[in-house]
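Below is one structure, written out as structure tokens; the observations come after it.
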Amino acid sequence: MPNVVVVGAQWGDEGKGKIVDLLTQYADVVVRFQGGNNAGHTLVVGGEKTVLHLIPSGILHPGKSCVIGNGVVIDPEVLVLEIDRLKAKGALKDDGQLVVSLDAHVIMPWHKAIDVAREQAMGEGKIGTTGRGIGPTYEDKVARRGLRIRDLLDEARLARKVKERAALAREELARLGAKLELDEPALVKRYAELGRRVAGYATDVSIWLHRALQQGKSLLFEGAQGTMLDVDHGTYPFVTSSNTVAGNAVVGCGLGPTAVDYVLGISKAYSTRVGGGPYPTELKDETGERLRKLGGEYGATTGRPRRTGWLDALALRYAVRVNGLSGIAMTKLDVLTGFDTVKIAVGYRLDGKVLDEMPSDPEVIERCTPVYEELPGWTEKLEHLRTWDDLPPRARAYVKRVEELAGVKVVGCSVGADRGETILVENPFLAR
């Protein structure tokens with residue numbers, strides 16, 4: 001069995017969790033390699049909804065191992081809460097089902113305080129952070145002053161690092177006109193207790209995964225957010241604080257690039273975005289609101305309404321290039337049922353010219369207007385369909401046109417929220 005990376009091909013919220021949940025049956029191990037609890041995966045299995053923010057989606061499959069890699073930033077309060085909820089459901093047992101990297105960095109209370117204070121200070125220039133401390137935690141990681149999971153397991157070391165870092169945080173918050181109310185001894189005790197709660201799951205993930213590969217096990221790497229939010233390749237500065245592209249999958253868990261055999265990009269049949277930043281196909285009219293309502297486009301983590309728009313073929317083609325996508329899975333195709341026409345942006349108009357590739361400068365993207373290609377819509381319900389040939393001809397034509405514009409095969413379509421409401425044309429785990 002090959003090893004497969006699943007990444008978002010848009011601005012996040014593409015439905016990666018559902019596709020990972022579907023593909024987990026073919027993998028032995030599911031690996032989360034970046035991001036934090038700013039991501040939310042909503043899974044519906046047998047009509048029951050489960051929302052996960054840190055633990056990989058594959059945890060709902062008995063007999064599978066789930067790994068949180070060194071590239072993830074962890075709020076231990078959230079991690080322990082998810083562990084407790086999954087245990088209560090009987091979905092998590094203490095048998096090696098969950099593995100957490102000792103080297104994953106820890107989100108501390110000052111990271112959240114700094115995140116919120118900075119966003120408030122930016123006024124109209126807000127990036128749209130979730131306020132969960134993700135960015136400041138990654139900053140501390142790069143500045144070599146962060147705390148890691150392993151630090152929670154040594155209370156004396158934890159106390160020393162908390163004292164050093166809290167002092168710096170107070171200085172920064174004072175410059176932002178904010179204060180950090182912190183009882184350091186109580187904080188150390190609380191985080192040491194959280195450390196004891198996760199100690200049984202914590203290990204050297206690089207060694208653990210290397211041994212899994214030696215045993216012939218197959219890996220499924222689960223990305224968070226999306227390509228257009230990548231800190232290097234997204235619409236900077238309106239991005240997240242980590243690399244969301246496929247190349248980071250192995251970096252974020254301690255393996256080499258030869259561990260990856262197939263890269264699957266997830267794209268909605270339309271598009272959405274949360275927070276600020278350029279979004280050429282955004283619809284601020286009744287059509288946009290219709291997409292929002294039909295698609296349930298409200299954040300799994302924040303609950304805030306998502307911006308909505310037509311599919312952007314330039315952005316999708318960009319995602320194909322920077323991820324080296326082997327195939328695309330299209331989600332929420334059913335949401336487009338009932339539209340008289342459906343549109344795809346096939347170019348951008350800028351200063352009297354038509355561009356066929358997405359500009360690298362977000363300020364230039366802001367000045368672009370989309371050039372649309374219109375296709376006839378369909379009225380048939382899709383939720384009960386299970387094969388490609390069952391799809392209405394117009395829905396098939398839409399998918400094939402997206403495939404042509406993206407330059408890579410659409411290997412699956414989601415036609416409903418439940419795990420089973422999916423048409424898989426080509427299984428990435430059986431593609432080689």
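Cβ from N, Cα, C; glycine included.
Record features (Swiss-Prot):
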- 12-18, 40-42, Arg306, 332-334, 414-416: GTP binding site (BINDING)
- Asp13, Glu14, Gly15, Lys16, Asn38, Ala39, Gly40, His41, Thr130, Arg144, Gln225, Thr240, Arg304: IMP binding site (BINDING)
- Asp13, Gly40: Mg(2+) binding site (BINDING)
- Asp13: active site, proton acceptor (ACT_SITE)
- His41: active site, proton donor (ACT_SITE)
- Ala300, Thr301, Thr302, Gly303, Arg304, Pro305, Arg306: substrate binding site (BINDING)
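Sequence features, as recorded in Swiss-Prot, placed on the structure.
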| residue | record | DSSP class |
| --- | --- | --- |
| Gly12 | GTP binding site | coil |
| Lys18 | GTP binding site | helix |
| Gly40 | IMP binding site | coil |
| Thr302 | substrate binding site | coil |
Site of maximum Cβ density within 10 Å, from binding-site residues Lys18, Arg304, Arg306: Lys18
Cα distance (Å, whole number) from Thr130 (IMP binding site) to Leu333 (GTP binding site): 28
Cβ-Cβ neighbours of Thr302 (substrate binding site) (radius 10 Å): 16
Those binding-site residues, out of Gly15, Lys18, Ala300, Thr302, Pro305, Arg306, that come within 10 angstroms of Asn38 (IMP binding site) at the Cα: Ala300, Thr302
Least Cβ-crowded entry, counting other Cβ within 10 Å, from the binding-site residues listed as Asn38, Thr42, Thr130, Gln225: Thr42
Binding-site residues: Ala300, Leu333, Val415 - member with fewest neighbouring CB atoms within 10 Å: Ala300
Distance check against the residue listed as 'active site, proton donor' for the binding-site residues Asp13, Gly15, Lys18, Gly303, keeping those with Cα within 10 Å: Asp13, Gly15, Lys18
Binding-site residues near Arg306 (substrate binding site) (Cα-Cα within 10 Å), from Asp13, Gln225, Val415: Asp13
Within 10 angstroms of Gln225 (IMP binding site), Cα basis - binding-site residues out of Gly12, Thr302, Pro305, Val415: Gly12
